[in-house]
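Enquirer: OK, TrEMBL features for this one:
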type	residues	note
DOMAIN	1-132	domain 'Nucleoside diphosphate kinase-like'
BINDING	LYS9, PHE57, ARG85, THR91, ARG102, ASN112	ATP binding site
ACT_SITE	HIS115	active site, pros-phosphohistidine intermediate
Amino acid sequence: MEETLVIIKPDGVRQKAVGEIIARFERRGFEIKAMKQTVLEEAVVMEHYAHLKEKPFFREVVYFMISGPVVCMILEAEHGIASVRQMVGATNPQEALPGTIRADYGFISGSNVIHASDCPEAAEIEIKRFFG
Ligand SMILES: Nc1ncnc2c1ncn2[C@@H]1O[C@H](COP(=O)(O)OP(=O)(O)OP(=O)(O)O)[C@@H](O)[C@H]1O
């Protein structure tokens with residue numbers, strides 16, 4: 001079993017897609033190990049997206065992530081990390097495959113509905129970051 005960290009971003013919460021997104025994970029067999037709705041601290045988001053520090057859209061991403069409540073979840077399943085990433089789809093919703101969460105609910109890269117850990121090392125760090 002593998003745990004992964006998922007964040008439904010402010011645009012996902014604003015368009016009331018939380019229930020439908022959670023239902024997708026439950027149908028796929030994921031267990032919800034923890035879940036909370038919160039408004040993220042700017043410092044936490046800056047740390048989370050530190051790899052984008054030099055990008056021109058860094059400030060935009062940080063402000064977007066603190067622009068409203070998010071829903072953080074720890075999900076668990078066999079091969080959970082890859083499985084969630086597959087369901088989430090490509091970073092740019094315009095390029096995401098039909099049927100993925102970002103294709104179905106997203107608009108542009110800066111408003112792409114959901115984050116999911118991309119490897120076991122990231123999942124471990126992110127679970128600690130968002131759930132202590
Ligand atoms: N070209 C872009 N313009 C605006 N925002 C972007 C762009 N590229 C990435 N982002 C934002 O930065 C976030 C992190 O980018 P990253 O390259 O780590 O992609 P990701 O791993 O698919 O996304 P996430 O870390 O949110 O799951 C993206 O989810 C998106 O919100």
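Including glycine, each Cβ sits where the backbone N, Cα and C put it.
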Enquirer: With respect to ligand 1, which members of the recorded positions ARG85, THR91, HIS115 satisfy a Cβ distance under 6 angstroms to one of its atoms?
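Expert: The recorded positions passing the 6 Å Cβ test are THR91, HIS115.
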Enquirer: How far apart, in Å, are the two Cα atoms that lie farthest from each other among LYS9, PHE57, ARG85, THR91, ARG102, ASN112, the residues recorded as binding ATP?
Expert: 22
Enquirer: What's the CA-CA gap between THR91 (ATP binding site) and HIS115 (active site, pros-phosphohistidine intermediate) in angstrom, rounded?
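Expert: Between the alpha carbons of THR91 (ATP binding site) and HIS115 (active site, pros-phosphohistidine intermediate) there are 9 Å.
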Enquirer: Considering the binding-site residues THR91, ASN112, which residue's Cβ sits among the greatest number of other Cβ atoms within 10 Å?
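Expert: Most Cβ neighbours within 10 Å: ASN112.
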Enquirer: Could you list the residues of the same chain, at least six apart in sequence, whose Cβ is under 8 A from the Cβ of ARG102 (ATP binding site)?
Expert: VAL88, GLY89, ALA90, THR91, ASN92, PRO93, ALA96, ASN112, VAL113, ILE114
